[in-house]
Amino acid sequence: MDQENQTVVTEFYFSDFLQFENGSLLFFVLLLLIYMFIIAGNFMIFFAVQLDSRLHNPMYNFISIFSFLEIWYTTVTIPKMLSNLVSEKKTISFTGCLLQMYFFHSLGVTEGLVLTVMAIDRYVAICNPLHYAIIMTPRLCIQLSTGSCIFGFLVLLPEIVWISTLPFCGPNQIHQLFCDFEPVLRLVCTDTSMILVEDVIHAVSILTSVSIITLSYLRIITVILRIPSGESRQKAFSTCAAHITIFLIFFGSVSLLYLRFSVTFQPLLDKTIALMFAVLAPLFNPIIYSLRNKDMKDAIRKIFCSQKIFNIPGI
């Protein structure tokens with residue numbers, strides 16, 4: 001293509017959103033309710049852990065960090081989805097698209113690392129309980145949490161910088177619900193063989209985390225099955241059940257979305273998987289960690305139903 005005939009793309013158009021008159025209002029209301037629940041639920045977990053001294057231990061601290069990340073992880077994409085459902089102009093600027101990809105994946109990578117740290121924490125607690133307090137010190141927990149965040153936000157920078165240098169000269173239609181690497185890179189008007197390299201990098205990072213977490217929980221389950229007391233065994237299983245459920249939901253949707261390489265799905269299935277990854281996985285986090293955890297339920301009840309908080313003088 002001649003340079004003079006190229007049109008530089010300054011914004012992208014989300015072509016697969018319904019028009020307002022075609023029923024998008026129903027999806028808008030449903031997505032808004034889900035988003036509000038995600039924000040409220042994860043904030044509730046975060047503050048419950050911070051304000052209840054009984055939950056000041058590594059496991060709950062990691063859960064609170066994960067919930068805090070979920071708040072911003074969903075805020076990167078869902079508000080823009082809501083806007084696209086009710087507005088006629090379903091576009092995003094080139095810079096806005098790059099920023100959405102960067103923060104979405106940086107927060108996602110950080111969450112994956114936190115889930116990996118949580119698996120290691122449960123491994124030490126159950127497989128090496130006598131040395132747990134010595135190994136999982138507050139200092140180490142801070143280092144692991146901080147390291148996960150720093151690595152998560154630095155590892156994506158080179159890829160985003162590289163994408164920002166690529167020529168986009170049309171078309172500008174993104175066939176996805178938000179800006180993501182594959183649908184954006186398909187719009188580049190140059191050699192896109194680097195997409196395969198990018199897929200391999202993503203696959204290695206995902207499989208590394210999945211392998212560590214899987215091996216940790218397999219070892220944990222083996223140790224739990226050897227516990228002679230049925231009550232102790234059930235308590236140990238219940239402690240890990242929430243972590244394993246979140247792990248399966250999070251990395252299951254991640255694998256479907258980013259470990260398929262050249263395999264293509266039907267557009268509807270593709271968007272369903274994206275919704276699982278970006279919306280449904282964060283939706284289940286507060287449900288699983290609050291409704292299935294007695295300590296968390298007690299902490300939430302104590303904080304949000306305490307007479308000290310809601311007591312009004314003169315009543």
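In case you wondered, yes, glycine gets a Cβ from its N, Cα and C as well.
Heads up, TrEMBL stuff is auto-annotated, nobody curated it.
Annotated domain 'G-protein coupled receptors family 1 profile' per TrEMBL: 41-289, in sequence order.
As annotated by TrEMBL, transmembrane segment applies to 25-48 (among others).
For 60-82 (among others), the entry in TrEMBL reads transmembrane segment.
Residues annotated as transmembrane segment in TrEMBL: 102-120 (among others). When Cβ-Cβ distances below 8 Å are used as the criterion, the transmembrane segment (102-120) is approached by residues 59, 62-63, 65-66, 69-70, 72-73, 76-77, 144-145, 147-149, 151-153, 155-157, 160, 178-181, 205-206, 209, 212-213, 216-217, 243, 246-247, 250-251, 254, 278 of the same chain, each at least six residues removed from its ends.
Among the features that TrEMBL reports, transmembrane segment is placed at 140-163 (among others). Within its own chain, the transmembrane segment (140-163) has Cβ neighbours under 8 Å at 58, 61-62, 65, 98, 101-102, 105-107, 109-114, 117, 181, 184-185, 194, 198, 201, 205, counting only residues six or more beyond its boundaries.
Here TrEMBL flags 200-225 (among others) as transmembrane segment. Residues 109, 112-113, 115-116, 119-120, 122-123, 126-127, 155, 159, 181, 233, 236-237, 240, 243-244, 247, 251, 254-255, 258-259, 261 of the same chain lie 6 or more positions beyond the ends of the transmembrane segment (200-225) yet place their CB under 8 Å from a CB of it.
What TrEMBL lists as transmembrane segment is 237-261 (among others).
Residues 31, 34, 37-38, 40-42, 44-45, 63, 66-67, 70, 73-74, 77-78, 104, 176-178, 180, 242, 245-246, 249-250, 252-254, 256-257, 265, 297, 300 of the same chain lie 6 or more positions beyond the ends of the transmembrane segment (273-291) yet place their CB under 8 Å from a CB of it. Summarising the annotation, TrEMBL assigns transmembrane segment to 273-291 (among others).
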